[in-house]
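Marked as region 'Disordered' by Swiss-Prot: 1-32. According to Swiss-Prot, the feature N,N-dimethylproline maps to Pro2. Annotated compositional bias 'Basic residues' per Swiss-Prot: 9-32, in sequence order. Swiss-Prot lists Ser110 with the feature O-linked glycosylation site. Summarising the annotation, Swiss-Prot assigns ubiquitin cross-link to Lys118.
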Amino acid sequence: MPPKPSAKGAKKAASKAKAARTGDKKRRKRRKESYSIYIYKVLKQVHPDTGISSKAMSIMNSFVNDIFERIAAEASRLAHYNRRSTITSREIQTAVRLLLPGELAKHAVSEGTKAVTKYTSSK
């Protein structure tokens, strides 16, 4: 009696047949960009012995994207009000001051200034 074909074998055969139909080209998986590696690096700097679940990472990624979009939109609005066609670090700084509350804005501005200084000095 011959062995029964497993579900895995059937799936492999189906995928091979599909690849043959599409002109023998394997479809490359589309790259999904995220901030997860940077969030993980910051987590390890702050709490070296703490991990993060994929759900929590997804939430953090959404949070970073949301804040990025808010700052970009506010900076764009500020540039438009002042009839400027370029968003500079000044617009970003003002947008951060407008969007973030009190002490958080002060820390964000100082960290941003530090990052820009480090970048310009390394050039």
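For all residues, glycine too, the Cβ spot is worked out from N, Cα and C.
The residue listed as 'O-linked glycosylation site' carries a helical DSSP state (H, G or I). Put simply, Ser110 (O-linked glycosylation site) is 12 Å from the residue listed as 'ubiquitin cross-link' when counted between their Cα atoms.
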